[in-house]
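Enquirer: This is the feature table in Swiss-Prot:
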type	residues	note
DISULFID	52-67	disulfide bond
DISULFID	59-70	disulfide bond
DISULFID	66-75	disulfide bond
SIGNAL	1-22	signal peptide
């Protein structure tokens, strides 16, 4: 019985601690939904429209956009 109470208190404390130390807990969902709304109005802004490069195409080492891996400037 005592162990159960201690566990409940610990979980409640950790939950409160998580919400109290969150960086942007008040505006997080609002920003998420406004970005999603912007992407619906402007489909080009969506990251899902970016095409990955097939094997054998030239890729960039620093910003690879390959479907697989970027090895020696070519997608694998």
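Every residue, even glycine, has its Cβ placed from backbone N, Cα and C.
For each feature listed, report its degree of burial, its nearest neighbours and the pertinent distances within the displayed model.
Expert: In the three-state DSSP scheme, residue 52 (disulfide bond) is classed as coil. Its own atom aside, the Cβ of residue 52 (disulfide bond) has 12 Cβ atoms within 10 angstroms in the protein chains shown.
DSSP assigns residue 59 (disulfide bond) to coil in the three-state reduction, placing it in neither a helix nor a strand. Listed in sequence order, 53, 65, 66, 70, 73, 74, 75 are the same-chain residues at least 6 apart in sequence whose CB falls under 8 Å from the CB of residue 59 (disulfide bond).
Counting every protein chain shown, the number of other Cβ atoms lying within 10 Å of the Cβ of residue 66 (disulfide bond) is 18.
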Enquirer: Return the residues near residue 67 (disulfide bond), defined as same-chain residues 6+ apart in sequence whose C-beta is under 8 angstroms from its C-beta, sorted by sequence, else 'none'.
Expert: 52, 53, 54, 55, 75
Enquirer: What number of additional C-beta atoms lies within 10 angstroms of the C-beta atom of residue 75 (disulfide bond)?
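Expert: There are 19 such Cβ atoms around residue 75 (disulfide bond).
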